[in-house]
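A.B. asks: Mind looking over this structure? Questions follow.
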């Protein structure tokens, strides 16, 4: 069954002429969601706005600065043509079947027709839904700023991700471990469908709806799968390949997600749901960024295997449609092929290895081992390495290591490998592959502390740096420096 195309709706009165709301997800039918209005956010104010994303969506810059936009993007005002809803899904959380979950505080307004195609607009923190369970449906300022900045930072790094148009705040109190204040993040994505959506309809034996959902995803996002002999196996294979490339991007940049439950896995291979994430400071393969994960299920070095485990769950959910277990397992094999290839390609770029040679994999592995044994700052190492030449003394890189003998041995190996490479070409490749700026925990924490005092300059400064993280940004070197000692005491959990 193919989802019916959207019928024209009234023009969106707050966008450029010709842009219209639709809601293709709503056409799946009421068994997939509950329609409801957002809960108004009292006395909202702007915290941060991505004008770059607004332009991509076809919105005028001045609109995102308007009082009207503030009301719409906090859920305080409805707009013609939008059809707010919360979707239902299930999932495995920390490896255990959690049953029915769903959008407990996120409300989809609809999809906006943009120059790049439809983009769903979702308000996170917009109030209780039938899927809130014991939650209050709100998000807090702290976690909302982190998600806003991380979404745009990952996009700036070229890593597939949902986006964030803005974050708005309110003085309305919200109880977590302490009393905090409410906020709403406006998220955008071609689709917010997760592995957990498929699990929900499969494990509740709603196989007709499972097929409807799979057909919707194939026809909307994986049309080439429709031509396959077994379209649903092809969908599993395509999702596996996208997820493999995403994991390669995470590992190469030093990103820890923190809570890779199946309901936090995008069917489109996007990074989604920024909670207790972290970009690595000192390189530690076993780093655990989530204080709520004491066993380290989602540690940095376990992410690739967890992604495969989650894909296996997706394969099980799709089995009623694929009907052949061996075919499903064969579709999953693409992950095992694509991930190491994609990771090696990214690491070659980071090392400036313009052409592939035998021994590159061994050089990559020795680099990781050297960084781990010396606990070297991951981002700073790679950025400084951009200036490494076989003829130089490499002092700025060597200074990062306490085991100078091991570094010297590695530097000799690396120098021999890049000796025949054009240094200008190599440096250019490396400068585009190794960012100067990432969203370190302490930078986010400083911006959050200021924002709690109604000073949003830190949020806006960070946003500008993170949207162009490979640029030098003169005068902002402090944002690319080593983290302060107190940064190691920051604890990030699932609380948001």
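Glycine too: its Cβ is placed from the backbone N, Cα and C atoms.
As annotated in Swiss-Prot:
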ACT_SITE  263  active site, proton acceptor
BINDING   102, 104, 105, 124, 136, 137, 187, 194, 273  ATP binding site
BINDING   264, 273  Mg(2+) binding site
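How buried are these features, and what lies next to them?
C.D. replies: Neighbour density for residue 263 (active site, proton acceptor): within 10 A of its CB lie 22 other CB atoms from the protein chains shown.
Counted within 10 Å of its Cβ, the other Cβ atoms near residue 187 (ATP binding site) come to 25, all protein chains included.
For residue 264 (Mg(2+) binding site), the count of additional Cβ atoms within 10 Å of its Cβ stands at 21 [all protein chains shown].
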A.B. asks: In the three-state scheme derived from DSSP, which category covers residue 264 (Mg(2+) binding site)?
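C.D. replies: In three-state terms, residue 264 (Mg(2+) binding site) counts as helix.
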A.B. asks: Do any residues at least six apart in sequence from residue 102 (ATP binding site), in the same chain, have a Cβ closer than 8 Å to its Cβ, and if so which, in order?
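C.D. replies: Listed in sequence order, they are 86, 87, 88, 89, 129, 130, 131.
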A.B. asks: I need the most crowded of these binding-site residues: 136, 273. Count other C-beta atoms within 10 angstroms of each C-beta and give me the top one.
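C.D. replies: Selected residue: 273.
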A.B. asks: Fill in the CA-CA distance, residue 273 (ATP binding site) to residue 264 (Mg(2+) binding site), as an integer in Å.
C.D. replies: 6
